[in-house]
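Below is one structure, written out as structure tokens; comments come after it.
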Amino acid sequence: MTQKINDLRDRMIVALDVPTVWDAYRIVSTLGDGASFYKIGYRLAFAGGLDLARQLVTEGKKVFLDLKLHDIGNTVTEGVESLTKLGVTFLTVHAYPQTMRGAVEGRGDAALRLLAVTALTSYDDGDLKDAGYGLAVRDLVRMRAQQARSAGVDGIVCSAAETEIVRDVIGPDMAIVTPGIRPAGSAVGDQKRTLTPAEAIRAGADHLVVGRPIIRAADPRAAAAAVMDEIASAA
Ligand SMILES: O=c1ccn([C@@H]2O[C@H](COP(=O)(O)O)[C@@H](O)[C@H]2O)c(=O)[nH]1
């Protein structure tokens, strides 16, 4: 269930896509009070990132564990049960019905909020076709948002470009979390469905995930502040 976002800073989630815990800590201390929410993906999770997640939570930061779980239902249930003990805010699973149902069972009554990844933001219609899907991105996102709602997860990961169709399907209570955020002029890289921070907020995204435009900036603190300024002006 969506919780009111009291701190505007929580709308920006900085992706700690770095090789070591030491690199991650350097970013966290550089950003200081300029960021309150961090995402740990598998690069870092496989290199001590789960202990870092616990530590950041202890220090009052919010953590999004982006593990994109996908397996048989029982294995997902058991994996999620273990992860409920870390104290993180968000965990991703792929938006397959069995996977999502398994994750909801594993979460039980814990405070952990489950996000369902609909269609990766590096995919366009051609990539989906290559992967064997007969649906356009927007249709797959809509279908998976419906299934996510039925499964009882707490939010959706999609491009901010799909916020409107997703909100229409899931209603006001689930969170919409959008990677593929690119401030004007920043390199797009492998992302294919991008919006600027201001566009994403205006479109109705709850949280924006920003990685390389901040962590690879010459001045990450200034880059994060610029994203926050855009969020504040559009909110
Ligand atoms: O659909 C998705 C799901 C997750 N991600 C993750 O978000 C960040 C984006 O990083 P950038 O450097 O800002 O591109 C990254 O950790 C991805 O694994 C996503 O991009 N799209």
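Along the chain as shown, residues are numbered 1 onward.
Cβ coordinates come from backbone N, Cα and C, glycine included.
Heads up, TrEMBL stuff is auto-annotated, nobody curated it.
The shown structure was predicted, so the numbers you read here are calculated from the model rather than taken from an experiment.
For 11-227, the entry in TrEMBL reads domain 'Orotidine 5'-phosphate decarboxylase'. Annotated substrate binding site per TrEMBL: Asp17, Lys39, 66-75, Thr121, Arg182, Gln191, 211-212, in sequence order. Taken from TrEMBL, the feature active site, proton donor applies to Lys68.
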Legend entry - Cβ under 6 Å from ligand 1: qualifying recorded positions of Asp17, Leu67, Lys68, Thr121, Gly211: Asp17, Thr121, Gly211
Inset, instruction - List the residues of the same chain that sit at least 6 positions away from Gly211 (substrate binding site) in sequence and have their Cβ under 8 Å from its Cβ, in sequence order, or write 'none'. - result: Val14, Ala15, Asp17, Lys39, Pro179
Legend entry - Where Gly73 (substrate binding site) sits in the secondary structure, as DSSP reduces it to three classes: helix
Legend entry - Neighbouring C-beta atoms (10 Å sphere around the C-beta of Lys68 (active site, proton donor)): 18
